[in-house]
Amino acid sequence: MSVRFIIGRSGSGKTTMCLKEMIDQLAQKPDGDPIIYLVPEQMTFQSEYALMNGSLKGMIRAQVFSFTRLAWRILQETGGMSRHHLTQTGVHMLLRKIVEQQKEQLTLFRKAADKRGFIEQLEQMLTEYKRYCVTPATLKQTEEQLRRHATANETVLADKLKDTAMIFEQFEQQMAHHYVDSEDYLRLLAEKIRHSSYMKRARIYMDGFYEFTPQEYMVIEQLFIHCPHVTVALTLDAPYEQLPDDLHVFRNTWRTYAQLRDIALQNGVPIEKVEQLRHNVRHKHEELRHLEAHYDDRPVCKWEKQTEAIIIGEATTRRAEIEGIAREIIRLVRDEGYRYRDIALLIRNVGDYRNVLKTVFADYRIPYFIDEKEPMLDHPFIEWLRASMEAVRTNFRYEAVFRAVKTDFFFHLDQPVHDMRMAMDQLENYVLAFGIQGDKWTEHWTYRKYKGLEGVHAPQTDEEKRYEQQLNEWRKLVISPLLVLQKRLKQAKTGREQCEALYAYAEHLQIPQKLERLRDEAEERGDLSVARHHEQVWQAFIDLLDQYVEILGDETLSLETFLTIIETGFESLQFSLVPPATDQVLIAHFDRSRLSNIRCTFLVGVNEGVIPMRKNDDGMLSETDRELLYHYSLHVAPASRERMLDEPFLLYLALVSSSERLYVTYALSNEQEKTLLPSMFIKRLTDMFPNVTKMQWGTDPFLLPLQQQLAYVTNDVATLGPLVQQLEAWKRQYAIEPMWWDVYNAYVQHEQWKERIAVVVRALFYENRAKRLNKQLAKELYGKKVKASISRMETFNRCPFAHFAAHGLKLKERTVFQLKAPDMGQLFHQALKVIADRLRQEQLPWSQLSKQQCEQLSYEAVEQIAPYIQQEVLLSTHRYRYMKKKLQTIMTKATTVLSEHAKRSGFVPIGVELGFGDGEPLPPLTFTLSDGTVLQFVGRIDRVDQAMSEQGVLLRVIDYKSKQKTLDLTEVYYGLALQMLAYLDIVLEYAEKLVGTSAFPAGVLYFPIHNPMMKVNEWLDEHELEKKFLEQFKMGGYVLADEKTVRLMDEHVEPGTSSLIIPVRLNKNGTFAQHSKVLTEQQFTMLRQHVRRFIVDVGEQMIEGVTHIAPYKQKNKTACQYCEFRDVCQFDEGVDAEQYRVLTPKNIDEWLKG
């Protein structure tokens, strides 16, 4: 037995030497003693490939092992495999069970235990303990020592050790004699090597390692003692006798070398002469050899010659960075004879790049393999299971149920997916509108179109009955299997029965067959990676259930605990890594990569804080914790400060990993447009290579030299974007290279591509303008007899397209089960009608109501109407019931103020919710348009009041609003506020029908129904408080400029005072103050005529098919601010600013003077 060390810098041929020796031995004696090539886990596949890629046609002696795989092999020979193996998923579930049972005993982690990711961190902590040979007893002993020194840091650390020791001890007790996890294998391997005849004959080659854990050192010690010969290859520049400086690039591998030598010497194992390889045999270019040799020199050793093998790439964004890399890969493969397998990307923050890598490499059709396991959590099958469990847990809340629905796994195999998705959208609309959850899922649903509070008692139509039946069929499709799952889970007595319930649920819905179909579809698309995911996920689910049954199958746990443990298992599931092809770009993690035979490396994302790594969280143990533990002689993994010293070595390995070309790239901003800075290493690299080649990615291609523009021409998908940029530049009068017209012609002449380029060209010259409808189509949309509301005309004047979307296309927002402002408005209006009707029935005037009566009437009115508002939303939850009380309070205040108005006013209500239209008290306001189309206006007026004066009957219109509002005559001029004056016009037009005689205009007023906060800065008596309260409810609008009419409206107004009811102030001489809102009878007539002209004009535009996207803009107000159709019209204020209809200020006084 002996130990030999092969050392040398990276690229000196250590791996090649090991492989050559093994191949020579196999060639000389194919059936000789075993040869074991021991490498890190991530290096096993490529090592097997390298071993078989030589002159050998096969082998029996040699095998490639990682430590774990070697443990399995030896335990199969010597015994120890009888215990059940727990995967990481099984370990997580067991830990979750222990945590749930011990939660009340936890000191520090009690609250954190419920947070996502806690079990993963806990498992990492216990793994670290095992790897560093730390036991629960050790933790308890250290905890006791810490308690004797009760500083704040030491107390917190002691609590951490107490909690983890308790969990660790429970975990070890559960594992003892029954189970084994991945970390136990190394301990068992160290124990069993002495009993293995296989190992006693084996020659060992260890390669690719830079450091080892204490557990691994235990195994290596046994290898040294019992194996005939062990060769260890290490990346080290010299066999130092003493520890180099802490900042030395090879400090880590020297420590490893020194510890391995000590183990050999302590066990009396002979150490052969160190084989030191001194020549760089990897790198083909001088600048790469210079970089390898002088990477860490201080001061910088410059390379003054032109540098072509090292390229620095700067990109505006991460996407631009990956697109630039993709173009370079295509160029290298197309023009320089590279294979995809010759190229590797090294990335530290893979998570930041994963999605953009997948998207861009798919567009460029670059085959790739990401050497990092993906979680299964986002797979639709796992999402369906998790959402189903959440639905059971939350009693079928909307969010959980539709998370499950949107995975498509509820659909039958013979149901078209597209049609069923449309059906589920309709089901979701109903669920959102009616607030379906809990027991409502099990009830028969009824369906009736909501026609307002007036139509709640209308009979159900045949169409509504058919839709109701369809809705209930869809409801049963979703809820029936969930109800069966819920029932079986609740009836289950043991963990086994709970798992059987989950399995039966999946089997009942034919999940295996559906996953097979998804796999086949992925294979047909050529997406082999996704196809393998669909293959793996079902087996992973079965394995998870098996693990649960093995660990907890006979235990009785609550449904909540079971679901929590299973959820923890799902969170730990990962897809296994099987490279789907041999010729593909390798995307590897910067820290863990082991590359071989790579011609070109892209070192990606070299930004500040990434490379070198910023000091980060050390998991459950902080950096201070780790230093304290080291002080108390308890050794765990190094703190981040210690790991920072290894950064130069990791960067060195990445920089020298390729033989021919090195790209170092970084981005200047991330996806959120946050600025990113280049790593300080970029400056060091430019200092070392002053003439390094630099590339910039993300600028418009037409700004680049022709040679660089050629790189943008790759394939039909990826080239389309740059071509569009070129055509846009040409459209803006920039000159573009003739090459791009060749590319354009290639698209046009290609049968499969010409339609795609036609769409692009149309988009290039697209203007966001809605076309005018032809007259016939407009007539079909709106009809020969158009029934409309006044507010519809206002909508047209705000933006014709909004009118077209609402009344032509009949688009509307999805109804959601919640109380919105329009619902509250409906309630207020209807409640006041109910109160007014009751007062009329009881012949009780408003002026005689007491405060108590106002309160009682308001309470009863809201109680009566609440069940009809938004599917009983006000009765659905405690929050909404509280809101109903608040609405009753608001109604009480409004009713009280209306009563006070009645006491002060000579006007009395003669109509509440007064309808006009066919079958209503008043006929519709009717106009005949130029083509014979009849325009009828229908609606309801909130309130009409009457008073008698010397000149005759006076009529005023009152509209209820949820806040104080005034009438802006500029908006009247531009047709944005027609309603109030149109209502006044209607009641005056049909006055004889309403009051039996002609009438005169008294005013148009807005009454606020709100809950104002009164601000007072001094003590006020009751009278003053009442005045202050009334002021908060002062009506806005305009009244007739007649003192007698004003006194009829507010009998308490005196010269020199302001009215508390209407927007008027009288001067001492009885004239109206400047800011009083008054209009003469002539001005009212003029405004009525203006409104009529505007209405006819809008009607004419409607039948002409006007649908322009032309929102108004008035100072800071635009039609787009609260428009529900913005996503439909896609009006872009930045691009389409010229399409605003700017409303210029109007001198209203001049206009009204005529």
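A Cβ is built for glycine as well, from the same backbone N, Cα and C atoms used for every other residue.
According to Swiss-Prot, the ATP binding site annotation covers G8, R9, S10, G11, S12, G13, K14, T15. Applying an 8 A CB threshold to same-chain residues 6+ apart, the list for G13 (ATP binding site) reads L277, H279, V281, R282.
Annotation source Swiss-Prot lists [4Fe-4S] cluster binding site at C799, C1120, C1123, C1129, citing sequence analysis. DSSP assigns C1120 ([4Fe-4S] cluster binding site) to coil in the three-state reduction, outside any helix or strand.
Feature annotation from Swiss-Prot assigns domain 'UvrD-like helicase ATP-binding' to 1-284; the stated evidence is sequence analysis. Restricting the average to the domain 'UvrD-like helicase ATP-binding' (1-284) gives a pLDDT of 88.
According to Swiss-Prot, the feature domain 'UvrD-like helicase C-terminal' maps to 279-583, an assignment based on sequence analysis.
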Fewest-neighbour residue among binding-site residues, criterion Cβ within 10 Å, set S10, S12, T15: S10
Chain-internal residues near R9 (ATP binding site), provided their CB is under 8 angstroms and they sit 6+ positions away: T235, L236, D237, L277, N280, E292, A293, V656
Given the binding-site residues G8, G11, K14, C799, C1120, the candidate whose Cβ has the fewest other Cβ atoms within 10 Å is C1120
Check the DSSP secondary structure of G13 (ATP binding site), expressed as helix, strand or coil. coil
List, in sequence order, the same-chain residues at least six positions removed whose CB sits under 8 Å from that of C1129 ([4Fe-4S] cluster binding site)? N768, A770, F801, A802, A805, I1109
C1129 ([4Fe-4S] cluster binding site) - helix vs strand vs coil (DSSP): helix
By Cα geometry, the one of the binding-site residues (G11, S12, T15) nearest C1123 ([4Fe-4S] cluster binding site) is G11
One should report the C-alpha separation between G11 (ATP binding site) and C1120 ([4Fe-4S] cluster binding site), rounded to whole angstrom, as 64
Round to a whole number and give the Cα-to-Cα distance in Å for the pair C1120 ([4Fe-4S] cluster binding site) and S10 (ATP binding site). 63
